[in-house]
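A.B. asks: Copied straight from Swiss-Prot:
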| type | residues | note |
| --- | --- | --- |
| TRANSMEM | 33-53 | transmembrane segment |
| TRANSMEM | 77-98 | transmembrane segment |
| BINDING | 83, 182 | heme b b562 binding site |
| BINDING | 97, 196 | heme b b566 binding site |
| TRANSMEM | 113-133 | transmembrane segment |
| TRANSMEM | 178-198 | transmembrane segment |
| BINDING | 201 | ubiquinone binding site |
| TRANSMEM | 226-246 | transmembrane segment |
| TRANSMEM | 288-308 | transmembrane segment |
| TRANSMEM | 320-340 | transmembrane segment |
| TRANSMEM | 347-367 | transmembrane segment |
């Protein structure tokens, strides 16, 4: 009798994806972030489901329903803060996962990479809409400012914004539809994750050396299941430390004030994981130009497979490219810092320089470093 794991139509798929999957023997801890993102998604869907049981998407009661969850629901405070900080964990893992893809040349799996970019946009949209739901000051004004950016689109902009709002301002209709989309998107993300994995398993995983590893593969289970479980434990430990010791560390105090359309907060800023893009948006004086720069700051990831001019896939043995990569990382951290600062000197000029460096690094410096290293190979 053959093993059910290898014959059952459904279990067979799981077996080929997580158990008997041939995996390069030398993949490092940087390859853990895919599974960690899966865990984050699972945590977010579960905690979100329980929050949705008690939340009301009405402008009059949304804020007090969140207060009710934190005060009156059994472990409601825990579920709420796990959901809020789970989003931060999600983005930390996302950024590291994308960074790994760039550093080790995994972006050359173009289908997997492009689905990943769509996933990134979907997760960002979900996080943005989720931030609006508690209906605090920053929720309301964040929603107003970000949706208003679409009015920069020529001719149809204003109509488009009012269509998204469901009226002439961010109000009940906006909150209700944002809740609906915030609920449905994670399930769309789950479906996209399956497509992402489908394309990945067509080619097999990359590895740190960037060299074909068909001659040295080992089964995913037990070697990498154990390795992934260690990652899960570290992630959950870090997340629960944040939730239980300083749950509001990454949040904005303004969001503990109920939304008031008549009172604008002094500094409107999104959650920390959007600050780099927000800094790029603010660094351009023209509205449409800023919106385009904002979109292209993420969309530029789609160009990475085309800008890979090196004869070597991975950056592991390319010190000049490594240098450019870490300059890019430092630049993104600088942009994140600037995004949270008020619009005044010297922050304006730092933001503008960092924004130029961001695009310059990706479009010019990294490809030139690759070409230079190709020349050095001939010496």
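The backbone N, Cα and C atoms fix where each Cβ goes, glycine too.
Given the structure is predicted, the values throughout are model-derived calculations rather than measurements.
Could you give the neighbours, burial and distances for every feature on this list?
C.D. replies: Below 8 angstroms of C-beta separation, residues 30, 33-34, 36-37, 40-41, 43-44, 47-48, 50-51, 66, 69-71, 116, 120, 123, 127, 130, 235, 238-240, 242-243, 247, 250-251, 271-273, 301 of the same chain, each at least six residues beyond the ends of the transmembrane segment (77-98), sit close to that stretch.
DSSP assigns residue 83 (heme b b562 binding site) to a helical segment in the three-state reduction.
Reduced to three states, the DSSP call for residue 97 (heme b b566 binding site) is helix. The Cβ of residue 97 (heme b b566 binding site) has 20 neighbouring Cβ atoms from other residues within 10 Å, across all protein chains displayed.
Packing around residue 201 (ubiquinone binding site) is summarised by its Cβ count: 14 other Cβ atoms lie within 10 angstroms of its Cβ, all protein chains included.
Beyond its flanks by at least six residues, the transmembrane segment (347-367) meets 279-280, 282-284, 293, 296-297, 300, 303-304, 307, 309, 321, 324-325, 327-328, 331-332, 334-335, 338-339, 341 of its own chain at Cβ-Cβ distances under 8 Å.
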A.B. asks: Taking the Cβ of residue 196 (heme b b566 binding site) as the centre, how many other Cβ atoms fall within a 10 Å radius?
C.D. replies: 21
A.B. asks: When you scan the chain for residues with a C-beta under 8 Å from the transmembrane segment (226-246), skipping those not six or more beyond its ends, what do you find?
C.D. replies: 29, 32-33, 35-36, 39-40, 43, 78, 81-82, 85-86, 88-89, 93
A.B. asks: Please report the number of other Cβ atoms within 10 Å of the Cβ of residue 182 (heme b b562 binding site).
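C.D. replies: Counting Cβ neighbours of residue 182 (heme b b562 binding site) within 10 Å gives 21.
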A.B. asks: Spatially speaking, which of the binding-site residues 97, 196, 201 is closest to residue 182 (heme b b562 binding site)? Use C-alpha to C-alpha, please.
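C.D. replies: That would be 196, nearest by Cα distance.
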A.B. asks: To the nearest whole angstrom, what is the C-alpha distance linking residue 83 (heme b b562 binding site) and residue 196 (heme b b566 binding site)?
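C.D. replies: Cα-Cα, rounded: 24 Å.
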A.B. asks: Rounded to a whole number, how many Å is the Cα of residue 97 (heme b b566 binding site) away from the Cα of residue 201 (ubiquinone binding site)?
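C.D. replies: With distance taken Cα to Cα, residue 201 (ubiquinone binding site) is 17 Å from residue 97 (heme b b566 binding site).
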